[in-house]
């Protein structure tokens, strides 16, 4: 902080400091010649909306009230730091805001003041950076009244410097630890609770951190000022003695209690006089542990600690010595035991203690020779004063010894190159009764204020002169006259008059005070002084303060009686001699230095030290006197604003220009605002920084009267101009963010489209492996005992499960889910089907329903129209655990029943996806599903009444099963042992462009055509020509949907026929009707005589028509002559192969091979007649009539469709006579697949 003393010309290389090279070169006001090294602008992602103004120089109106309003606004939003140029203003929040964490600390490392919000870490960073960069000693002056947060600010500066100063050496780290340990140690001995502050510093401290040439701390030195030793012997109500007395008496270990007789603070006069023993929120025992730990870190040995606590114990017990008047009116000590214990602690003779406290030795002198010696008894008042003087002297010297011991441990371990000083001294004090202590404190604050004004004004004037800027001087209050009023000897000031009074009337304090009042009359002509009866007023910069004269001369003498010096000199304790090293010189007649002399000398030494360093300033403000968070007393703060001179500081800083910055830094901040200095966020200016700054101001239309160009800096006149520049910069980022968002959204769309393509390709490659596994499991569920439909065995068939989307959100599936009350059950399977419904007075009839299988229930859902509204409801809910078995036939029909055995009838249902339903139900029951497969279906039509539905196979019947009169008529299916065909491979097509986006060119973000699209297509294979006996089935023309594809890709892949309204290709003709299928025939090999009425007698050599085949060794045959049907052993027959049909356009489908082996074996020898079948249908003498056409019914795929090639799987011819029909269907399917591939359907999912 402060005003940099950086050289204008030349270049000074820094050595390994924390900032990046770009920041250092740009931000230091130094140019390396030619084009400046400008760091690329970045958006401040952590930048918050500014509350008020962060720099008071940017206020539009400069007044104390405006400053107060801005500080209040920021305080209410937890913004406690505000700048005045390089000066930091801090308002005490009286609570933890979480702004001193390691993360916050790291955010300020290596950052310029303008890059981050105001903070005490920014002050520390600036001081450390300037020290390393320019080898200048730095100092941070913290000022403000008691309780404003000065000590906290000093600790945070030490925290920051210890963190960023580097150094991995163990000695460097030990030095850091010791420096940080000085805080709790000196606070316990030097701080106390006052009415205005619970941790008020009752001494001044100047900590000087010493660094080597690498910026690593190698040592430190502490100078203490103005310890308030009078607090040791007396405090006002609700205040406390120094913290250490309460820490020691409350938490002393048993060793010290035994050695020194330590008791609770209520037992001692010096700690109980004010009746205040505790501080809200402070744990004295924990603080004492921190104090002991700090002593250990400093290196204080255990014997040294014992001696320190021995002296503290002696002070406490000295305060308990009481005096009474004897018969002669002199002071006497009634309780000798306390005197004896004090003598034990000081290691002196008790008689000497008694004598030193009650008798004063007077000596007369004549003509320069020693005269007579008299022992003058003291009265009780005088004895109490002597007692308190001894206690204060011991504590004062003990505090000095602790500081010296700390300095001894912090002695520099290496060569000291530079230093950073931190001044923490209690601020300006105004009480109801102000005495000598307040005069000294306020005097030192006047000296610090004088430094602040002189250096601030001087630095401002020097900068304007150096930069050749025209400005108007600002009037301000120079407090040098107040300092002279207090410290001057000619004419005599307050201190000189006080010393003269002490020397003239030294024997009687009352007479000395009266003499002092008389001397003050000579100062009445000074405009900053007023003399009143018994008091005088000094007009300080912080306000008028009235000081009481009474007792001021005694405090100024500040000398220990020779009797007490002789007492401590007689001690056998070496530590006591260390505290009082000066021997009593009986012959020295010179006046010893007074307290005012000492404070004057200390203040001048401090000023001389600060003047040799580059200063930084922190002005602390106390928002209220109640130490309450979030309370802002405008009157109190306004008073502090006035006496701290913040308004004058703002005026001096403004001086006509609210903002100034080096050319390099200005260009780095605002180069985005000019098209000649930036392009797409990059710095493009090739000239020097000064011309770049001029160009930016020109392109942003800033009037000439609003700025001036100096030698190395640009000066902006009003804060509104700076706000306009910052607003334009923010708008640039806003526009850039919109462009980035647009590009990012386009990129995301590109990624999503690519992901969809990859997923689609993966699904095509894998073909839904999990679904295939479930499909293959379905073959095992049927146990190879039930004929299969040909469409069920397609390689593309998948067991998708939830066909109706019951588990989906939205759409019809959600309507069904809500209407059926499925709730949170997991849906395993859903499709449409039929349930056999019995109606009174009518025959049973299939009725459409919806089947839903969940992990717990099987639900039959009905859809009804009620008052013109579709109502969906669960007609029946069956727990899956209640399903005892499933009954189905061994033919290819889709009917089955659930045997439940409940009070309700078992449902008889028709579902085209029966096998898939059985599979999911078996998995839900963990494989415990019992499936009964026979030539009929059993179910309980009524509770306890078992009904049977026969299933018969009729040749030539349609692919749609029909139900009539408890009989299901179906056609022949694939053999029960059939399995699914392999998954068909898709036809390779040309690759499409990667994206259809408008911002991205085809081929992806990099542009260019897709590489896949450039691959040559495989040569198109000729279609096999049909035989002459069959009309060819023309291939339908595929009309692909248009896609955005590059011209090159289209040309490289394939050519397309242009389609238009006038040039549309004619539709393909309908397929030729297939010839009537031939009936399967069998030749009789052996004679067979029927044994039952349902068997057919045959003779060798006859031809019989095969009606149906059973897997149990019996065939149902019909005599073509008599048209009689019956059961015939399969081994007695040889099936005659039908003549092959003409070759279809597509590859003919292979038919199942006949059992030629069995036939050949039968031809060799006639086997024994097989055993009669276990159960045969009663068909003796009955002619099998073809079933009537069935009414259309609903199904999962298309329950209303009778198309034999539909998804129901019911249009598959099974006999050899239907081979031509199979060929036609195969050709139609092949053409449909080619059309689908030609359209490049991206949404085809199995």
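Here the Cβ of each residue, glycine as well, is placed from N, Cα and C on the backbone.
According to Swiss-Prot:
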type: BINDING; residues: 144, 145, 146, 147, 148, 149, 150, 151; note: ATP binding site
type: COMPBIAS; residues: 1033-1045; note: compositional bias 'Pro residues'
type: COMPBIAS; residues: 1065-1078; note: compositional bias 'Pro residues'
type: DOMAIN; residues: 734-754; note: domain 'IQ 1'
type: REGION; residues: 1-41; note: region 'Disordered'
type: REGION; residues: 419-501; note: region 'Actin-binding'
type: REGION; residues: 956-1080; note: region 'Disordered'
type: REGION; residues: 1127-1246; note: region 'Disordered'
Helix, strand or coil at residue 150 (ATP binding site) [DSSP, three-state]: helix
Sorted by sequence, non-144, 145, 146, 147, 148, 149, 150, 151 residues with Cβ within 8 Å of centre, ATP: 92, 197, 200, 426, 427, 620, 622
Distant-in-sequence Cβ neighbours of residue 144 (ATP binding site), under 8 Å, six or more positions away: 90, 150, 427, 619, 620, 621, 622, 640, 644
Sequence-distant neighbours of residue 149 (ATP binding site) in its chain (C-beta under 8 A, six or more apart): 90, 91, 92, 620, 622
Distant-in-sequence Cβ neighbours of residue 148 (ATP binding site), under 8 Å, six or more positions away: 90, 92, 427, 620, 621, 622, 640
Residue 146 (ATP binding site) CB neighbourhood, other CB atoms within 10 A: 20
Other CB atoms, at most 10 A from the CB of residue 151 (ATP binding site): 25
Whole-number mean of pLDDT values that fall within the region 'Actin-binding' (419-501): 85
Chain-internal residues, separated by at least six, CB under 8 A from residue 147 (ATP binding site): 92, 194, 196, 197, 200, 622, 625, 627
